[in-house]
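TrEMBL has this to say about the protein:
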type	residues	note
BINDING	A:67, A:68, A:69, A:70, A:71, A:72, A:73, A:74	ATP binding site
């Protein structure tokens, strides 16, 4: 087979898609629950989806600490879903929507790869059904209403210097990171990318429309001079924001190359937010399928942690099984090999790098799960390198399967699917790493010591002040959402493997009262990416017949 | 009949819509030319629309100089379309897309009103099929690539101070009018509303995808230090912009309350741009119908002038008939009555105000057309007032019909439709007000003297310098697009009626080399609106069942 030579776009273009109405009908969706967006995409009216069957089991796909190129987590998620479907399970996949901005920088798409993709991949990676745009609009309407309130007399006595709400755009535009409003009150503010918007986090955590509206109203934009929190509700913006999100709140149905139904909905950042697809998509998928395969952002210390401690608590969707994606390449990087040299055969480095995988597996166990390792095979991997990982897992009593879904689609995920199937009947067994009601300081201490393997937490003077303010407002028991590098368990991206003894330094504690969590900023977390010197955009175009070229 | 008591949203909600596939089939569209967006909206693949039949006749709806509330031009356009369809003509309507931003300020929607609306009105007035968002994305990607080019060494030697490209958002956000890029090179720039983007004008004037791509590449973003124009093509951004506009370039099919097919596509500003729906929508409608009713922005001095001198020349779509919408209320305002008092009976003021209508009619005649007056009746109009206008038109040999399409739908436009029908067989008779190849100075002089009725043009020192630069680059023969108040023939909004002897002062001449025109800025033209003290947004919301409230 020489399919790896074909790029993702070519593989996708060579596959005949089924009409989305057919995918929906096969998934048991009533015709009147479907709103088609083109021939191959549709939004689902969740009120018309039956709630009668017991909800399907959730399979969470997470990963070891990744290389900058990523370990193929979305690809494994799609391939596993296809393999489970091929094995006869009523399966649905739930994924994040890609962010438009990075597509024009250097990143490829976020719809899987090779023979494990969700399609139509070009549309999904571009405007899709407009959800990101709706979030951009809702967020920026609120921002405009904040400055409009100041302009028209500031009846709420908002302290302009306290305004934490920035604006958002779904474009990688470094020049907008910090701007001064010369035609406004002259204060400095800036733009984040839309995936970092609190509105995105809200859309992804709301259980229903009433919850969505209530969360929007609770968003804190800043403080009055007397210390009162000023919310979107105080400004009367929440209703209009909900209007702008009316369609965006409906999950999007697409299909994989193998015809497995997939809900692709919501795309919050994995650091400043919780990094998983919308709760409403996960819940809807569970109503329609016996098994729902879904993905968490980055490595398990960030992604799985937030899925379990934030999303699963908010929406009662604890997984039945947890899959940890590992690659020989990432293991070599954690074993001391430079990232641009991980293609060279080095079983010793793989062995050394196992410390990273081991800690992630230990964490998954601490949360109450028997982890399954998906060893995602790349073309440069040798049999000996793969055997190092398989032998290690066997020695630890951990299920492990080499996956080749990129090259082979569902067949390449059959072994992984068999492992996962053995766990599906188990009841969710989530054991919290910090108890409900823990203070944010206690939460951070538990995460750093028990999940990251560090020595403790240190707060900047600013974070200390913010901690006091959180307590004054009674927000200190909201779950913490740690914004941290994905490359290390620590807050230092150069500490690979399984570092210990480090202290995590919290720069800021930002209350996201609509999302219902407190962002703890550590290290240098970027909320507005920039474009590289030669952006991918330079190679794109559209033929006169409408065919897009150069996108992936 | 008491339907005027119902608001637009209630009337729209009470009407059962036909599935868009049915509307399309009735209009003769092949099923494979249709891409549904929900059940009642679709994009059209224009390559799959037959070019065999002779193109339909264009009926252009324009207006006298309006009041701030507007004279119901879109409503008359929709009602006339419905009336022509009811009379047995194969009719299609072509309209601009509403801008999202103003919906949350104080303006209502832009989809007609009463019993003459295009629907689904809530969706069309919100995100619709995402065209505005695609334009926002394409424009802002270019802006990001400009600053990224500066950041990565500025190989093209762009003079940062010369950069005229701003950013855009579809939100009324006055605080963004002027911003300083503190994280970029520190220069000042700002945001316009998306309708003011040159990308919008380009999308609306391109005849096909090749023309779209070429126009995007020609967009001037600023100048190099040696004076060279720097274009989107120089930055390699044009292809990616075309990718972002791939779907947006396809016209959107919807229906009126009466089931008449309507293409709603593109929404350029009526001052800084040419203010009419896309050329591709007009052309597509002409392939599908015998009569196409379309609208130009603002009064005839701005809207019809730009339709005839810019759009019709770019796309060979000169109208067969021109309808001028007039109201008793606007006539009273031009007759000296304060705008908040135009509801009181005053036939004398109506008579005095006829000077404004008269000049518009004279202009339409100068362009080679017999105008038809649509006297759009409001509830406060008296028979005597209406008779003043009808008698005047009769005395001038001008066709005139009182229209009541808001209250009565198609029946209220039957008389107008009969007048229009008499003109449909005439060949388009467009006579230019300035010849092809006229210099921008000559063009402006012709417009001011012959169309506006003024004494001449005066250029600011800045405009003089820009004129020299236009000549250096060979752009001086591009058609001029005058950004002027819509309330007066002059550049002073307080000079009502038919002023004369005035001079129009041109502040700036901005080359829009992608759109293919030169914007002449006069007076104070706002390219980013602000919100009022109590934005309409404050009254909006979504019920738990998804129903939108308070939008109109």
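Yeah, the Cβs are placed from backbone N, Cα and C, and that goes for glycine too.
Surrounding the centroid of the Cβ atoms of A:67, A:68, A:69, A:70, A:71, A:72, A:73, A:74, where the record places ATP, the chain contributes additional residues within 8 Å, namely A:63, A:66, A:327, A:330. Its Cβ taken as reference, residue A:74 (ATP binding site) is surrounded by 24 other Cβ atoms within 10 Å in the chains shown.
Comparing the binding-site residues A:68, A:70, A:72 on other C-beta atoms within 10 angstroms of each C-beta gives the minimum for A:68.
Counting only same-chain residues at least 6 apart in sequence, those with a Cβ under 8 Å from the Cβ of residue A:69 (ATP binding site) are A:329. In the three-state DSSP classification, residue A:71 (ATP binding site) falls within coil. The least crowded of the binding-site residues A:67, A:71, A:73, judged by other CB atoms within 10 A of its own CB, is A:67.
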